[in-house]
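S.K.: What TrEMBL lists as region 'Disordered' is 44-125. The annotation compositional bias 'Basic residues' is assigned in TrEMBL to 60-71. The annotation compositional bias 'Low complexity' is assigned in TrEMBL to 72-89. What TrEMBL lists as compositional bias 'Gly residues' is 115-125. Taken from TrEMBL, the feature domain 'MI' covers 165-286, 328-451.
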Amino acid sequence: MATEVDTWSSAPKADGVFSFEDNLAEANHPYTVDDDLLNEAEVNGNWTPQEKALHEARLKAKAKRRLRKSSSRNSTSESFSESGELSGSDPHSPKGKVNASDRKSRTGKGRGLPKKGGAGGKGVWGAAGMVYEDEEPDMRDPNYDESAQGDTVYATVVPEVDEKELEKMVNPIVQEYFEHGDTKEVQMLLKGLNLGQHKYEFSSLAVSLSLEGKASHRELTSRLLSDLSGKMLSQSEMARAFDKILKELPDLILDTPEAPQMLGQFIARAIADHVLPMSFLDCYKGKVDCDHARVALDRAEVLLNMKREMVRLDNVWGVGGGLRPVKHLVKEMNLLLKEYLISGDVSEAEHCLRDLEVPHFHHELVYEAVVMVLESKGDTASHMMIKLLQSFWKTGLITVDQMNRGFQRVYDELPEINLDVPHAHSIMETFVDLCYQESVITKQLRDACPARGRKRFVSEGDGGAIKN
């Protein structure tokens, strides 16, 4: 049996028959075939059927291995050529350096095609046959030349004011307007702001601030709304602003209990000034649930019915503020003093003087009060004026400077007053002494009162001698 096995193992293999050991060796060592013998056989044309079949099988196996390796995206190994060298490498370069001119991917991913279809890389202008069109110059290009692009138009872009920042930007503008009263300056400042869709909120903020201020502030606000209407704000935007204030009345009444009545006066004044449309009140009839809003609308309707001719309601906020003409303020102070002499109500006179809001013009009240005393008959007017001035002095409504200035004006005009009132000097001296006794004026002001000379000339029969 052993002899037979050796005979089978040493016997020549039949044609087309392959042993298991040969197949295993071929699988473990695919590149150990003697290629020189195969090439020589191929050149001489002496291919045996076994060699030809073996060669075709090896070529198919090699093609499958290349296909699997090139299609794998997770493999990080580099592909090898048939000779076992790196693809794309120069065999004559030291240490197998990669040829820099080769544009194939060396990461082991992809299909091994050139990057960007052969249109990328340094010194490359694009793929073959590509035609470039004219491109617009890019402002971010370092070589961008602004002067070569023709006429350049510069425009200032103002971002739209956010609703949260609107109140912070509008409050200083309104507060400054209450000081200077120049509506044109407010228009100029508003043009510099990009209010956008929140433009109507300027009117509502201005009215809300004036409700917390004085009557003169409300008068200035009404004038501002009249000047802005048609130029920067339309009637629909004004109506939207007042509609917002009507909805905010429950909150405004906490700080200003008289807010509904004041808002009604604002609405009536706005309709009379053609700031709001005539049909503004009609839109709310039967549709108002808030009691405060109903009070404001009723107040506006009453005021408009009193002014059927739609005359401008100039006195809806009373008369006050330093912007009024001087003659008008003098007339109001005269009326105030005459009403006081009739009623004798000091508190009412004080309230009327405060409403005028002209503390720098209180010296006119002192002047008019002293002149009335000089022109009056009896001591009643004198005692009542002393009581009034004493009250103003104690409450601080009239300052020392205003009191001194009012009396000094009377002192300077006393010679002219004496032409109409012959006993003006004696009345003045008596009144000044009483004021000093009641601590209305200072001793220095009392001593400054002019005294009339008491020297008298005798008749002509005495030879013009002065009688001692």
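Quick reminder: no glycine exception, Cβ is built from N, Cα and C everywhere.
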S.K.: Check the domain 'MI' (328-451) for me and report the mean pLDDT.
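M.R.: On average, pLDDT over the domain 'MI' (328-451) sits at 90.
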S.K.: Take the compositional bias 'Basic residues' (60-71) and count its residues per DSSP category (helix H/G/I, strand E/B, coil), listing them in that order.
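M.R.: Breakdown, helix to coil: 12 helix, 0 strand, 0 coil.
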S.K.: What does DSSP give as the helix, strand and coil breakdown of the compositional bias 'Gly residues' (115-125)?
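M.R.: Tallying H, G and I as helix, E and B as strand, the rest coil: 4 helix, 0 strand, 7 coil.
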